[in-house]
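Asks: What follows is a structure written as structure tokens; I'll ask about it next.
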């Protein structure tokens with residue numbers, strides 16, 4: 001007897017060969033109206049729209065970072081460390097003041113000891129200089145220890161914060177950005193930010209403070225020479241300001257290029273078997289070389305700018321030095337300044353100009369830090385998928401009733417891939433999705449997993465709109481076995497426990513037994529402590545898939561997704577694991593995507609999807625009797641697989657090509 005067809009008027013399978021109907025797609029807009037939630041404020045409605053449109057492409061050019069706009073973010077970093085930084089600035093004042101004792105003592109050494117032979121002053125001068133030098137050394141050591149370590153802590157905190165935030169972003173964000181780009185944001189961009197807290201900012205303000213101390217003393221010694229020097233330095237400062245404003249975008253562009261090159265390199269290394277299989281090593285080397293050259297040109301541009309600034313600072317030093325020699329000689333001869341006073345003036349002038357000259361290097365570091373902080377904030381400003389205003393429902397244990405109500409979805413605006421999808425899957429039932437490649441099966445699964453949100457219509461879980469549910473409370477009750485099995489470079493045990501780290505040894509072993517992991521794991525010398533390699537490269541495809549299935553079994557989900565879960569298994573392994581999957585499916589709402597149609601004959605409901613629509617639905621028997629698209633797929637595949645030259649499952653690709661050609 002045929003099983004009843006969900007959402008059908010009778011127990012027979014239905015054929016939906018109607019043309020796509022017109023539909024209304026709701027976009028996420030403050031002015032838009034939704035087909036649901038009319039009583040909600042626009043900002044509080046569930047986010048609808050194309051999955052890719054809501055995510056930022058980090059490779060696109062953005063306006064150059066402005067210091068005044070980044071300052072609030074700098075304060076966020078400084079605020080929790082304000083006491084530590086306050087103490088550091090106090091130490092810095094002591095450090096810089098003690099550093100000026102030596103040049104200040106020179107005047108008395110020359111005028112009093114050497115000029116007037118007052119030797120009794122010498123011990124006081126030497127003692128004062130010795131104590132000041134000791135204080136300067138101790139404070140320098142303390143500042144370096146405190147600020148360097150705090151800078152490294154800041155880097156670690158920011159990296160953890162950015163990584164955690166990226167992990168909470170929607171799948172659409174990952175669709176728009178390369179893995180290497182995201183790795184660069186986490187590891188590279190954060191690196192320079194330490195200068196905003198560490199020694200960079202202290203050197204910057206310390207240099208300014210030293211210059212101010214020295215400037216005050218220089219005014220006391222000679223107003224004329226100091227004013228001339230001041231005018232020249234002001235002009236130099238204006239030039240520096242313009243230079244830093246120009247160089248800042250270069251650093252941002254460098255980070256962008258670096259992330260792109262890193263991204264391509266990551267892809268190339270990850271796909272090394274494909275690269276070698278097509279003998280594409282030279283091509284990949286050329287692609288990387290082109291990226292490396294772009295990076296080189298950017299670095300050369302910044303080095304040119306820095307060299308010009310260094311040239312300007314050297315020229316300023318030369319001009320100021322020449323003027324001081326000329327004016328100083330005249331003042332000494334005229335009796336307005338002693339020889340000791342002149343030597344002291346020159347030394348203090350060096351203490352004032354040297355920090356200003358160092359501002360070229362320090363300013364470059366801070367400029368790079370500002371650019372890195374700007375790029376870091378670009379990531380942190382992305383809205384996490386659970387932070388949508390409409391996501392307020394927190395799920396308890398669910399029954400697993402899943403329903404689609406007239407769901408339409410588009411990855412890109414005006415290019416829908418699903419049209420008016422409606423079906424219901426009750427708890428404890430198995431729903432299979434079949435159809436040619438690109439028909440929309442995986443997109444339906446993606447919506448069930450809440451990787452994307454429906455453009456229009458609703459996806460309901462136990463009667464609640466999935467767009468209003470806190471995803472953390474939903475996904476902990478979801479188990480997924482994808483076609484592309486992903487394993488971490490750890491042990492077999494670690495990879496299985498990934499879904500449930502607090503599972504007991506008995507629960508782990510039971511999952512391994514059901515998924516038949518024990519049959520190969522216990523043959524290894526290290527057994528469950530065997531390292532699987534990056535992406536499980538040390539295991540066969542079937543072994544990786546069994547680990548993935550054991551991971552899902554251990555999670556004990558209420559809703560189970562099997563995306564061609566047995567595609568990597570040979571016939572013998574598949575037969576063994578089907579019993580484990582049957583055990584896992586009991587009492588759970590299960591969704592299966594399978595090209596090998598013989599594996600879904602016992603499904604409670606089969607949905608045939610073509611061109612984004614459900615064209616047939618029913619059980620295997622009812623659909624087979626219908627002699628429609630499912631019948632065509634099944635009979636063709638069965639006939640191909642009985643061919644002695646084709647192994648089970650090899651007919652899948654041929655059928656897909658044939659169906660696609662007909663469509």
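Even glycines carry a Cβ here, placed using N, Cα and C.
Caution: TrEMBL annotation is automatic and unverified by curators.
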Asks: Could you tell me which of the ranges 43-62, 63-82, 83-102, 163-182 is annotated in TrEMBL as transmembrane segment?
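Replies: Feature transmembrane segment in TrEMBL: residues 83-102.
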Asks: Can you check which of 32-61, 122-151 TrEMBL lists as region 'Disordered'?
Replies: 32-61
Asks: Can you say which of 195-219, 245-269 is given as transmembrane segment in TrEMBL?
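Replies: The listed stretch tagged transmembrane segment in TrEMBL is 195-219.
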Asks: Express the predicted model's confidence over the domain 'ABC transporter' (402-636) as a mean pLDDT, rounded to an integer.
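Replies: So the average pLDDT across the domain 'ABC transporter' (402-636) works out to 82.
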